[in-house]
Amino acid sequence: MKIAILSRNSKLYSTRRLIEAGRTRGHTVRILDPLRCYMRIAADGFSLHYKGKPITGFDAVIPRIGASVTRYGTAVLRQFEFMGTYTPNPSDAILRSRDKLRAHQLLASQGIDMPVTVFGDNPDDTQDLLSMLGPPPHVVKLNEGAQGAGVILTEKASASRGVVEALRGLYANFIVQEFIGEAEGADLRCFVVGDRVVAAMRRQAADGDFRSNLHLGGTAAMAEASPQEQDVAVRSARALGLAVAGVDLIRSQRGPLVLEVNSTPGLEGVEGVCGVDVAGTIIQHLEQAIR
């Protein structure tokens, strides 16, 4: 099998592990920087070039597209799709996952529970908008933030109004959610490949923070996801059209709640903590998908 990995940095842990796993299983693996790909679009066919040469013959493409290059990276991935190349995470699925508002609408439509979420665009409606959510604390999130960036905890109604109105003044897109205090700054990252959870880790926020992202100083330990949590994680990935996903849940009094579905989850944390060959499992999924 000939596999392309769309990645801007071949030295990143996740990219290196996918290369290693693919080659270990006897496949040809090539790294392509999506920003150096260019394409021809016409009724008579689609084509891609890279560094002056046509890109042909790939059986599968694994997107490792960073948030900063989402628009062009997904355009390149879509070109691969139109050329008949399999991908576990299609371009439209990635776009769904990176729009928090759209993702939550899709999850809710499938009966998947999450922190209650509100969204609005009219500054005159701020107080009524927040009343739809309930009393603070509230969590304000930029709609396209990543790795914990653009996430603010407000503990008073006046603070919530102030943050919402400030973000509106900056023409920022954001959502506001209820704060789940019983989670105590912890979440559960479930790594989904295909139709199952292959690894799970519990992430704990650093002292003084409520965001559990490892990039922000959080810690992680191997965890066992309950059957209900596994079901929610798999259904969440499926609802967005993703075959490979990191689904972040919090444990609440009303059961598991989905915080986010990540379409480009890092492998270093989960492989290091859980000792699971996640990269190899992703390659096995490709093999099964294109038989």
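Easy rule for this one: first residue shown is 1, then count along the chain.
From the backbone N, Cα and C atoms, a Cβ is placed for every residue, glycine too.
Not measured: the values here are computed from a predicted model.
Listed in Swiss-Prot for this protein:
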- 104-287: domain 'ATP-grasp' (DOMAIN)
- K141, E178, F179, D187, R211, S212, N213: ATP binding site (BINDING)
- D248, E260: Mn(2+) 1 binding site (BINDING)
- D248, E260: Mg(2+) 1 binding site (BINDING)
- E260, N262: Mn(2+) 2 binding site (BINDING)
- E260, N262: Mg(2+) 2 binding site (BINDING)
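Shown here: features listed in Swiss-Prot, placed on the structure.
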| residue | record | DSSP class |
| --- | --- | --- |
| K141 | ATP binding site | strand |
| E178 | ATP binding site | strand |
| D187 | ATP binding site | strand |
| D248 | Mn(2+) 1 binding site | strand |
| E260 | Mn(2+) 1 binding site | strand |
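A 10 Å cutoff on Cβ-Cβ distances gives K141 (ATP binding site) a total of 21 other Cβ atoms nearby, all chains included.
Cα separation, D187 (ATP binding site) to D248 (Mn(2+) 1 binding site), rounded: 7 Å. For the pair F179 (ATP binding site) and E260 (Mn(2+) 1 binding site), the Cα-Cα distance reads 14 Å. E260 (Mn(2+) 1 binding site) and E178 (ATP binding site) are 14 Å apart (CA-CA, integer value). When other Cβ atoms within 10 Å of the Cβ of D248 (Mn(2+) 1 binding site) are tallied across all protein chains shown, the result is 21. The CA atom of D248 (Mn(2+) 1 binding site) is located 8 Å away from the CA atom of N262 (Mn(2+) 2 binding site).
Long-range Cβ neighbours of N262 (Mn(2+) 2 binding site) (same chain, at least 6 residues apart, Cβ-Cβ under 8 Å): S97, A245, G246, V247, D248. The two recorded residues, E260 (Mn(2+) 1 binding site) and K141 (ATP binding site), have Cα atoms 11 Å apart. Per-residue pLDDT, averaged across the domain 'ATP-grasp' (104-287), gives 89.
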